[in-house]
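According to Swiss-Prot, the ATP binding site annotation covers Gly195, Gly197, Lys198, Thr199, on the basis of sequence analysis. The region 'Domain I, interacts with DnaA modulators' annotation in Swiss-Prot covers 1-79. The region 'Disordered' annotation in Swiss-Prot covers 78-138. Under the heading region 'Domain II', Swiss-Prot lists 79-150, citing sequence analysis as support. Annotation source Swiss-Prot lists region 'Domain III, AAA+ region' at 151-367, citing sequence analysis. The region 'Domain IV, binds dsDNA' annotation in Swiss-Prot covers 368-487.
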Amino acid sequence: MPNSMWHQCLEVLRDEFPAQQFNTWLRPLQSDHREGQLMLFAPNRFVMDWVNEKYLRRIEEVLKDLNGGQAPRVMMKVGSAPKPTDPVVRSEVAPPVRVSEETEQTVTEEERSVAATVADSAPRAMSAPAPKAQAERRPVQVEGDIKHQSFLNETFTFDTFVEGKSNQLARAASMQVAENPGGAYNPLFLYGGVGLGKTHLMHAIGNEIVRRNPRAKVAYLRSERFVADMVKALQLNAINEFKRYYRSVDALLIDDIQFFARKERSQEEFFHTFNALLEGGQQVIVTCDRFPKEISDMEERLKSRFGWGLTVMVEPPELETRVAILMKKAEQANVKLSSEAAFFIAQKIRSNVRELEGALRLVIANAHFTGSEITPPFIRESLKDLLALHEKQVSIDNIQRTVAEYYKIKVADLLSKRRTRTVTRPRQVAMSLAKELTNHSLPEIGDAFGGRDHTTVLHACKKIVELQETDPGIREDYQNFMRLLTT
């Protein structure tokens with residue numbers, strides 16, 4: 001059985017599993033077939049063990065169907081295939097093609113506006129030439145090695161990152177990239193709502209790469225910085241220096257890639273930079289507030305390349321993680337915070353880590369200025385404006401409308417006595433979201449759903465928790481709702 005059979009197997013599996021599952025666990029596998037045995041190579045033991053447990057049986061079934069009823073013996077090990085193989089399904093993604101890097105596209109007004117508003121901190125390779133040279137429009141000459149500024153925040157490390165179920169996969173993938181930059185997970189695409197820790201993980205990767213190799217050239221920047229540097233380089237007739245700078249790094253970390261939307265020339269330059277880095281075995285890491293395919297006004301060829309490596313969602317933190325974050329931040333601030341107080345804040349602030357930390361800072365400041373002890377009543381008074389705003393933003397009505405629209409049913413169906421599966425499951429999802437995202441009690445939630453008993457709400461919440469463990473479709477739906485309602 002040639003290795004192309006493995007690619008056919010991947011085509012089948014891709015249609016069966018959600019995109020994130022497929023890209024995370026199956027796509028990185030490499031294959032080698034010899035004498036009736038298919039050896040699958042995983043990038044690390046974590047992936048190998050997970051595939052063995054969750055996917056191996058289905059892989060064997062698909063291979064058997066594709067091979068005329070005779071399944072090869074499938075083995076797994078950590079490492080790389082002994083000869084070049086292509087573990088990536090390319091049927092929908094064109095292979096990298098060397099394109100002329102010069103384009104007829106011009107800089108848009110929006111890109112010029114960005115360049116005018118972003119503070120001037122361009123790399124030395126693109127520094128403005130002397131007035132005389134600028135008047136003659138001569139290309140800027142760069143002598144010797146390029147000096148890189150990482151702009152990494154040294155306080156954002158893996159040690160200071162609080163891990164929980166919501167970010168466990170993202171942290172594991174980030175750590176793997178830091179240990180093996182330019183490896184299987186290239187590019188690494190981290191996406192999720194605001195304030196969930198994507199930027200922290202990105203800095204942690206960069207800091208860990210530098211810790212392991214102090215000579216590594218790591219560049220972190222927000223996407224508007226890339227746009228501003230490109231516009232300045234064009235204005236100074238220094239586009240070659242711009243390209244040389246960004247393509248000479250060992251790891252390029254771009255934050256908030258969605259900012260490239262509607263900026264055609266920036267997308268063009270990043271497309272070629274992206275290709276050059278991947279072809280050179282250099283690591284690319286990007287963050288975004290949404291899944292790659294959901295980014296509007298961005299070229300399809302660029303969005304497709306984001307999916308070549310590993311795409312991981314960073315989810316809103318669950319209660320236990322929120323409590324752990326608060327306790328860790330309080331410890332760093334040398335503030336005594338009881339577990340009762342931490343739980344109170346964590347139960348009230350559910351949306352993201354940034355808002356959670358902001359709430360804690362406000363409570364600590366009020367306690368410092370008033371000399372008060374941090375207790376639940378004191379916290380409630382300190383955060384009354386924030387809690388009122390939070391409750392207003394995420395209401396049961398909003399949840400019901402969002403869920404009904406998503407499942408293409410009516411809000412009245414959610415409130416009715418109907419018990420068909422097409423209504424019952426969305427109703428349970430909406431109840432669970434109401435419990436997690438609002439401060440309403442179970443009886444209040446029950447009243448909002450047609451006068452149901454609080455035990456019905458509790459059963460619905462438990463059911464959705466169970467289904468998220470066993471049903472990929474429900475898990476993906478729930479994650480989508482959390483993003484829609486909290487960002």
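Note: Cβ is positioned from N, Cα and C throughout, glycine not excepted.
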> Once Gly195, Gly197, Lys198, Thr199 are set aside, which residues in the chain still have Cβ within 8 Å of the Cβ centroid of the ATP site?
Replying inline: Gly192, Val194, Leu196, His200, Leu201, Thr287, Val314, Asn352, Val353, Arg354
>> In the three-state scheme derived from DSSP, which category covers Gly195 (ATP binding site)?
In response: coil
> Who sits close to Gly197 (ATP binding site): which same-chain residues at least 6 apart have their Cβ under 8 Å from its Cβ?
Replying inline: Phe161, Asn167, Ala170, Val314, Val353
>> Are there any residues at least 6 positions away along the chain from Lys198 (ATP binding site) with a Cβ closer than 8 Å to its Cβ? List them or say none.
In response: Ala170, Leu190, Tyr191, Gly192, Asp255, Thr287, Val314
> What is the number of residues in the region 'Domain I, interacts with DnaA modulators' (1-79) that are helix, strand and coil, as DSSP sees it?
Replying inline: 42 helix, 17 strand, 20 coil
> Tell me which residues of the chain lie with their Cβ under 8 angstroms from that of Gly195 (ATP binding site), as long as they are six or more apart in sequence?
Replying inline: Ser351, Asn352, Val353, Arg354, Glu355
>> Long-range neighbours only, meaning 6 or more apart in sequence with Cβ under 8 Å: which ones does Thr199 (ATP binding site) have?
In response: Phe156, Asp255, Thr287
>> Going by DSSP assignments with H, G and I as helix and E and B as strand, what are the residue counts for the region 'Domain IV, binds dsDNA' (368-487)?
In response: 93 helix, 0 strand, 27 coil
